[in-house]
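Student: One structure, pasted below without further comment.
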Amino acid sequence: MRKIELVLALDVLEREKALDIANDVKDYISHIKVNYPLVLSCGVGIIGELSKIKPVIADFKIADIPYTSEIIARIAFENGAKAVIVHGFAGRETVKAVLNVAKEFDGEVYVVTELTSSEEFFKGISDKIAKMAVELGCHGIIAPSTRPERVKALKEIVGDIKILCPGIGAQGGSLEVVKYATHIIVGRAIYNSKNPKKSAEEIYKKLSQLD
Ligand code: O7M
């Protein structure tokens with residue numbers, strides 16, 4: 001049976017809260033995704049602290065020139081991240097630069113194809129981004145659960161690499177994407193819940209049933 005993993009998007013601002021929630025839900029998640037809100041509030045050292053609980057995906061949506069992108073990726077890996085996220089639209093050279101750093105650390109690189117919130121400027125481009133991710137040997141893509149038909153199309157392009165889908169819960173994404181995804185990314189539906197552990201458990205169980 002195919003197992004779909006739950007990734008916690010930990011977009012809270014306080015260190016204690018982040019560590020408490022991560023510890024609370026650790027039995028139900030495979031990874032913790034750390035984004036700018038937490039790192040800009042607590043410092044990059046939070047990646048190392050959270051890594052003691054679960055592997056961390058550094059979601060800096062890297063989208064700069066190769067030189068700068070490499071520095072950002074290196075900071076993430078040196079601080080304990082197991083994977084980094086890069087924007088595909090930044091281009092092949094940027095993705096290659098990030099991949100080169102990842103190799104040094106035995107880390108993974110996931111490429112954003114299109115955003116859950118808008119496809120306005122991604123139409124006709126996200127398929128090319130997905131193709132590039134496979135050609136360069138990236139480990140996964142980020143695809144929108146808010147548009148399951150796009151996740152299906154992207155799956156046809158990328159085949160067996162990881163597909164991580166945000167948007168379930170607060171953004172109203174569809175669980176239909178479990179047909180194609182390897183990971184579901186959930187933030188607010190867990191960390192804003194009165195009982196994050198119970199919410200994570202419920203989502204985890206739902207994912208097991210839908211498998
Ligand atoms: O469940 P939420 O909506 O509270 O959180 C979703 C998380 O996924 C949050 O960290 C977003 O930054 C991220 N995300 C999206 O919501 N949409 C996207 O298209 C892409 C991402 C993402 O994780 O990109 C790597």
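Numbers here mean position along the shown chain, with the first residue as 1.
Here the Cβ of each residue, glycine as well, is placed from N, Cα and C on the backbone.
Just so you know, TrEMBL annotations never went through curation; they're auto-generated.
Straight out of TrEMBL:
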type     : residues                                : note
ACT_SITE : D59                                     : active site, for OMPdecase activity
ACT_SITE : K61                                     : active site, for OMPdecase activity
ACT_SITE : K61                                     : active site, proton donor
ACT_SITE : D64                                     : active site, for OMPdecase activity
BINDING  : D11, K33, 59-68, T116, 166-176, 187-188 : substrate binding site
DOMAIN   : 5-203                                   : domain 'Orotidine 5'-phosphate decarboxylase'
Student: Tell me which recorded positions (D59, D64, I65, G169, G173, G187) have a Cβ under 6 A from ligand 1; sequence order is fine.
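Tutor: Those recorded positions that pass the cut-off, since their Cβ is under 6 Å from ligand 1, are D59, G169, G187.
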Student: CA-CA, which of the active-site residues D59, K61, D64 lies nearest G187 (substrate binding site)?
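Tutor: The smallest Cα gap between G187 (substrate binding site) and any of the active-site residues is with D59.
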Student: Please work out the number of neighbouring Cβ atoms within 10 Å of the Cβ of G187 (substrate binding site), leaving out its own Cβ.
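Tutor: Cβ-Cβ neighbours of G187 (substrate binding site) within 10 Å number 22.
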Student: Could you list the residues of the same chain, at least six apart in sequence, whose Cβ is under 8 A from the Cβ of G169 (substrate binding site)?
Tutor: V186, G187, R188, A189, I190, I203
Student: What does the structure give for the C-alpha distance between G173 (substrate binding site) and K61 (active site, for OMPdecase activity)? Integer Å is fine.
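Tutor: It is 20 Å, counting Cα to Cα.
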Student: Give me the long-range Cβ neighbours of K61 (active site, for OMPdecase activity): same chain, 6+ apart, Cβ under 8 Å, in sequence order.
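Tutor: Within the chain, K61 (active site, for OMPdecase activity) has Cβ neighbours under 8 Å at I85, V86, H87, V112.
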Student: Counting only residues 6+ away in sequence within the same chain, which have a CB under 8 Å from the CB of D11 (substrate binding site)?
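Tutor: When sequence neighbours closer than 6 are ignored, D11 (substrate binding site) has N35, P37, L38, G187, R188, Y191 within Cβ distance under 8 Å.
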